[in-house]
Amino acid sequence: MNEQMATPAVFILTGFFLILTGSALFSRSAERLVSRFFRGHPRGMRILGILSLSLPEALLPLIAFWTPASSRAEGAAGQNLDIGVGAILGAPSFLLIVLWPLYLYRTRKERPVRPGQLQKEIPLLLAALTIGLLAGLSHNRLLHLLAGCSLIVLFAWILIRIRPDAGENDDHEKTGVFRPVTDSGLFLLSSALIVAGPRLFLSGLFSFQHIFPGATPFWISMILSALATESPEALALFLFLRRGKIPLGFDVVWGSISFQLTVPLAIGLSFSPWVLTSRHLFIGGILLGVLLVSLAFARKSA
């Protein structure tokens, strides 16, 4: 058993390292690119966060759903859905249950950042998550595809409607001189690492699926994928708050939340059978509850 567990552990740790390294390099190069073209506008920071920090979250379930059943243990053909759903629900769970309360606690004495925007976004995210969960009760593929398309539209609408608070752009800090060759090279290298990391990570999870069949792969995927893919967000949030860059911290954590509750769900709806079980719906219900509490907080802060 120890030898059986050693190989998947190596895959998971290596994939974890590649994801973190790739995200760090991606953030360093993409930040200059976005700063150059968006001048610190919060929409630009959202796009930066999506590009540099959220790609692994989108890749993990996609790779899980596309991995052929023949490459895994016999009898485990349906559990790629469990691993993919675990990756999809794990990231927003970590963001909403850990990072978002941490952000609110650390900024409790400061003026709330864009409460009006939260009041507009949260109902859309509630709708997106509800659509994803309800669609999981049906086997209708056309319904799944239509639901996935609607989530992409909701995400685009959220991105378009982002507006900065008065004077927010005045505090924008230069990110350094843009170096086309160096920054482009880092961009490409980090992209390769972010693509390779989730593949190794999923290989380890599939091996654990063989050793521990049943519900375990879902919980392993949900917990470990969240730790792997949300560590860059956690580090970025900590650094921004430490420097007093509260709007940037908000854009990192809330931008990731809005992405996680739309695009990965759309991937699951479009590229998997997306038939959810009680444990999937239980986690989804918790996320809906946290969003409702956040909406009440935003209305109180406005």
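Yeah, the Cβs are placed from backbone N, Cα and C, and that goes for glycine too.
Under the heading transmembrane segment, TrEMBL lists 6-26, 47-69, 81-102, 122-139, 145-164, 185-206, 218-240, 252-275, 281-298. The domain 'Sodium/calcium exchanger membrane region' annotation in TrEMBL covers 9-159, 185-296.
A contact between the transmembrane segment (281-298) and the transmembrane segment (81-102) is present, since 3 or more of their C-beta pairs, 6 or more residues apart, lie under 8 Å. Here the listed stretches are 6-26, 122-139, 145-164, 218-240, 252-275, and the one with the most C-beta pairs under 8 angstroms to the transmembrane segment (81-102) is 218-240.
Spatially, the transmembrane segment (122-139) is not adjacent to the transmembrane segment (218-240); fewer than three Cβ-Cβ distances between them are under 8 Å for residues at least 6 apart in sequence. The transmembrane segment (6-26) makes contact with the transmembrane segment (218-240), as judged by at least three Cβ pairs under 8 Å among residues 6 or more apart in sequence.
Between the transmembrane segment (252-275) and the stretches 145-164, 185-206, 218-240, the greatest number of Cβ pairs separated by less than 8 Å involves 145-164. Residues of the domain 'Sodium/calcium exchanger membrane region' (185-296) grouped by DSSP class, helix first, strand second and coil last, total 97 helix, 0 strand, 15 coil.
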